[in-house]
Protein chains: 4
Amino acid sequence: MAGRNHLYVPGPTNVPDSVLSAMHVPMEDHRAPDFPNLVKPLLEDLKKIFRTETGQAFIFQATGTAGWEVAMCNTLSPGDKVLSYRFGQFSHLWIQSAQRMGLDVEYHEVPWGEGVPLDHLEQRLRQDANHEIKALLICHNETATGVTNDLKAIRDVLDRTGHPALFMIDGVSAIGSIEFRMDDWGIDVALTGSQKGMMLPAGNAYVCFSQKALEKRHEARLPRNFLNIEDMIQQNKDGYFPYTPSTPMLHGLRRAIDLMLEEGLDNVYARHHRLAEGVRRAVLDGWGLELCARDPKWYSDTVSAIVVPEGFDARDVMKVAYYRYNLSLGGGLSEVAGKVFRIGHLGDVNELMLASAIVGAEMAMRDVGIDVKPGSGIAAAMEYWRDTAPPLEA
Amino acid sequence: MAGRNHLYVPGPTNVPDSVLSAMHVPMEDHRAPDFPNLVKPLLEDLKKIFRTETGQAFIFQATGTAGWEVAMCNTLSPGDKVLSYRFGQFSHLWIQSAQRMGLDVEYHEVPWGEGVPLDHLEQRLRQDANHEIKALLICHNETATGVTNDLKAIRDVLDRTGHPALFMIDGVSAIGSIEFRMDDWGIDVALTGSQKGMMLPAGNAYVCFSQKALEKRHEARLPRNFLNIEDMIQQNKDGYFPYTPSTPMLHGLRRAIDLMLEEGLDNVYARHHRLAEGVRRAVLDGWGLELCARDPKWYSDTVSAIVVPEGFDARDVMKVAYYRYNLSLGGGLSEVAGKVFRIGHLGDVNELMLASAIVGAEMAMRDVGIDVKPGSGIAAAMEYWRDTAPPLEA
Amino acid sequence: MAGRNHLYVPGPTNVPDSVLSAMHVPMEDHRAPDFPNLVKPLLEDLKKIFRTETGQAFIFQATGTAGWEVAMCNTLSPGDKVLSYRFGQFSHLWIQSAQRMGLDVEYHEVPWGEGVPLDHLEQRLRQDANHEIKALLICHNETATGVTNDLKAIRDVLDRTGHPALFMIDGVSAIGSIEFRMDDWGIDVALTGSQKGMMLPAGNAYVCFSQKALEKRHEARLPRNFLNIEDMIQQNKDGYFPYTPSTPMLHGLRRAIDLMLEEGLDNVYARHHRLAEGVRRAVLDGWGLELCARDPKWYSDTVSAIVVPEGFDARDVMKVAYYRYNLSLGGGLSEVAGKVFRIGHLGDVNELMLASAIVGAEMAMRDVGIDVKPGSGIAAAMEYWRDTAPPLEA
Amino acid sequence: MAGRNHLYVPGPTNVPDSVLSAMHVPMEDHRAPDFPNLVKPLLEDLKKIFRTETGQAFIFQATGTAGWEVAMCNTLSPGDKVLSYRFGQFSHLWIQSAQRMGLDVEYHEVPWGEGVPLDHLEQRLRQDANHEIKALLICHNETATGVTNDLKAIRDVLDRTGHPALFMIDGVSAIGSIEFRMDDWGIDVALTGSQKGMMLPAGNAYVCFSQKALEKRHEARLPRNFLNIEDMIQQNKDGYFPYTPSTPMLHGLRRAIDLMLEEGLDNVYARHHRLAEGVRRAVLDGWGLELCARDPKWYSDTVSAIVVPEGFDARDVMKVAYYRYNLSLGGGLSEVAGKVFRIGHLGDVNELMLASAIVGAEMAMRDVGIDVKPGSGIAAAMEYWRDTAPPLEA
């Protein structure tokens, strides 16, 4: 098909051309004496993305799925009780991972479209007077439903209840895109992948530990080898890795972090919010459809899951979008399969990129018979974006 | 600025990623014994783009401006009379080139927004009983105004009048995008650049000669050196070049031609027409604005020049588009400066790429106070595109 | 420093330019309906590299270190006894991995510079009448010492003793470079990384299972999640992955496998042998030095570990090579640190690339005072290569 | 063939990987308001390569062949007398270009292997009391024979004789590699191409004019259009070009100039001299062969033309080198065809790159029966390079 593919799944995201070029490098000796000149500042700057000064960040040659394991195997022991909530495919998979690793997972079902119920959490933590719960596993942004949890509020619950559980966060579709503050929010382990807000191809998991979490490695007895942070700690301190890293990914990360810090993280968050709000205006005001997220407080600034009207299958919309308009939309997963399609609006995006996504979704919906008014979605989005555009410099 | 730049000037156009990757190669010896394995098929396939079996195609390390010279210096002598029409910046510049080279240029002014007046041409050729006019210089598609000439009709005039003038075509913003048939239309010299429908960076001029035009080199006395086709003929026959070619450009051309032939040239033309018509619906039906091209018969399928309403300066639209929405629109040149902005819809484009251009232009127009209805342009375009979309395969 | 870095560590190896270009692609939806068109043939062709028709190959977004885990966690249970030999840093690390995962590892020390002692192995297997040994873990090519084991002979021992242990192979610096025949040699699990003979950046582990090994997953009780082949089996059968793969790596693998199959695997092996023998002539005949590998039967065709004379530190040679001549040599690891330097001669290499390595090593050795005769190494290598060069086609 | 091609023709040269990556960019609007941010500093820094503060540098989308025309057509008129010397293929071609353009070229034959005879030049200029000679056309470094002229000495002749002829230099295989000082040496027009010392693909001609030469454009009457510096002057002053430039080449040039200025031009020259001297030691001391350059004062630091012994054809050496060892050597052109092969040692080169060239040439010579001693060439080169290597920093 002529022209570029329009990629608006919620990951992998569009990698900036300058990042792709930065990755197009010959191989190099990862044991070279000057290799640390690349690695050391990179690990330091990676911490800035997590907004931590006291924690330690690690780069694993793996994916977010491995990131869940990194968080758990370095801090917990077989049979340890962990608490979680299940409200989408990715919170589901983390729970499954924890079970597979031999943890005692207590999880609570939440309707898909909502997030962690703070009252329930507070009650449960108060109940746990003996502090049997060793860790709280929370998916910051549930990619499957477009629901974002308020981590600050959860931290407040932990503080209010005085519960010492490790606060572990899956930030895969959040970190680097929406506000995330490791130190301020007392997060113990946070992880993300390279292929979302970090604007890189898949292949890296970035995991950050608080000092409290780091200490746990000495007593944690879950088996660990490839994902052992001890090996990383030993080698990283000199600017090396315990095994061969993907040097193109390191150079790409260097460039991606530079882009983010040049824009300014707060500006990155603001941009994501503004762009996401435009998409929501298209969905709610323009098309008159509903989001999977049931309440504005859950709205995600990185991904919107759009509910198709009764009688339609969202998979038909996606298929038409892909084959007719070269547009890749995200699908509904598991419980919401066929009921929603998703637009990812994270990473290296701007208004007119999302215009393609909105227009294409609208065309595909009309093609399958969904009665949205032509141009209604994009008109709502563009007016919002225009109203909120920064003034031009003179 | 975050996200990609949206490039819809009428050249350079968006180079497909696979072409850019094909160009990312180490240098190589252009005198190597197997270098002709690259060059010979390339020159043959380049002829297919010009739709000629009897002509000869050349690749110059230069631009379209040089292409004009190639056409003239290899066929004409100082003081030779040539006939042309001036109806936009590029027809103007070709005329200027001919004058600078020492030709006796007779040109006629045509309102910008129209093309070659066939009646006038026929009259003039009939007048020229002694065949003093040695060549007819025609800009196929005037990039400045979005006006396309009917070359077949011009050929008919030449045939009808029995005039032997060389029929020379500037096809810079036409060849490889809209219908062009060198053999069928009896064209003697046709030229284009790499950065338009050929989907490459600037830096190559492609010039094709009929056998009749090739023969003229033996008598032509305009000085020529770098652009001498004799050197090319001698070296190309063995698969080499008289001087060092840009091998990345040759590899890029290989890939670009492969893409075009895989799609099929007739499909390429049809795609350009359908996409262009969508843009025109946006302009005319959606926004209620006018095109610089004064009549549908002049409408260009590669570029649309859109007239802004009285009292507005198109340059303001462009500036807002660029700085606020990362959208590059073409400007008005010379006589139409400030009066039009242009959307290039040629090369590697599809519906949702042009959706960005239309939406962005609309936003920028509204930002500067032009009263177009939000979403009106894209609604008209999308409905046209939807109506004309090919059925999906089962 | 001007000019390119000369990279002759035994991995990462030099990635062919066409592989790097193949990896320079925009991101794409790994859930797209046509994504299996990429994945399915790739998994089939990957089996060809392992020389298996009956096994199943997997692509993990991880490194060789994870590959060890994949082999073990999908086939074994906590406390299972495995047998191994330790004769270099990488056989050492695999043993360590097995221990960390909770296996009962019986390993035997072998002098570094030798490989698996077949007699001892046969004796030990015969002793194990109850077949308590569940798996035999063998490093095909010990990268640290340049020692290659004869897997066919080990298979014969297993057959002769009728021992049913799973035959597991670390082929990281072997597969794709030297002869490896999964089916013929009755290998149950074989693994490699992307950054050696596969001519890619680090970041993928390729692991291949025999049907016998695949069956073991149903009873194996080692915890597994990210590296669980069950998830891969379920998704791969439809051409997908259980989590986001690095699509650039998949495209790179496609190109790398194409290159290997075009050359022909037997030709790839023969090339590696011929190039390696030239390096050995340089070391032994030219310089009069010794290899770490103690006997020709252990000589590795992918890496040579060269012993520096008494009184010299190989690290000085490496440092001079790197900083003065932009040459990256491999260092001695652990027990042989400072005693050897290594030249990797695997992957996308030819005579004149290795000429740089040999000449550079010679210059660096002379710079630190090692008395090798100028030009002696490369003279021996070049004469061998000339003598064994294929005739030119007429 | 496996492994990389070893490219040691005297152009195109090896483009640094970082330059290739810098060129891998999406297209952009060359009329954008911020485009001058790229162009203006680039034109300023390009002057530094020519070592001029008072001149003006131009970037043409063309090759060195066009550069000759740029020099002449902007300064001279039909029938103007110019003086030149013919001592190789490229001085020959410049003379031919001048003739084709309608100049009255007086040229003198010099044996190939020598350069401009200063005595003859002085005598001829003194003879020309009426200053009929309008320009002196000198090839700084004759790429075909590996002969470098002493431009300072020629300037002294011009000064001594008080002759006002424009001093025009073809610096294609010199500028950016060996000492060149436009201002100090009173050069009026100097030109080079992108594919030599500038470390870029072919496709750009860089031409620099002194103020004196610039003024000549007002009276020069050679026809000019594409290569007219007037158009450049008008557009460049605002940071634009008169026609579409290759933006990838501009970005590549930016990176290439950065590399050169970071290394320091004097260091670049010194590196070229040291590397070239190593090659000469290989040829003269190691192999016992002769250079085409007949006297050390003519030796070129960018290319060495090596004379094969009587009875051998240098083309056989080149063919074996290419097909058997993947080594591209330069051939003998015209009068020296079959008599010499050439090693280009310019641009982004270092010792171990040239080691490949020397070793490969030696292997190919031995293969065709030329009796050079194995390892003799590289031994001589490496000892020279070792002796002259800078000390390592502590």
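The backbone N, Cα and C atoms fix where each Cβ goes, and this holds for glycine too.
Unlike curated entries, TrEMBL annotations are predicted automatically.
Annotated substrate binding site per TrEMBL: C:Arg342, in sequence order. Among the features that TrEMBL reports, domain 'Aminotransferase class V' is placed at C:35-320. For C:Lys196, the entry in TrEMBL reads N6-(pyridoxal phosphate)lysine.
Here C:Lys196 (N6-(pyridoxal phosphate)lysine) is positioned 14 angstrom away from the residue listed as 'substrate binding site', judged by their C-alpha atoms.
Sequence-distant contacts of the residue listed as 'N6-(pyridoxal phosphate)lysine', defined as residues of its own chain at least six apart whose C-beta falls under 8 angstroms from its C-beta, comprise C:Pro10, C:Gly11, C:Pro12, C:Thr13, C:Val172, C:Ser173, C:Ile175, C:Gly176, C:Ser177, C:Thr302, C:Leu346, C:Gly347. Counting every protein chain shown, 27 other Cβ atoms lie within 10 Å of the Cβ of C:Arg342 (substrate binding site). Along the domain 'Aminotransferase class V' (C:35-320), the predicted structure has mean pLDDT 98. In the three-state DSSP scheme, C:Lys196 (N6-(pyridoxal phosphate)lysine) is classed as coil.
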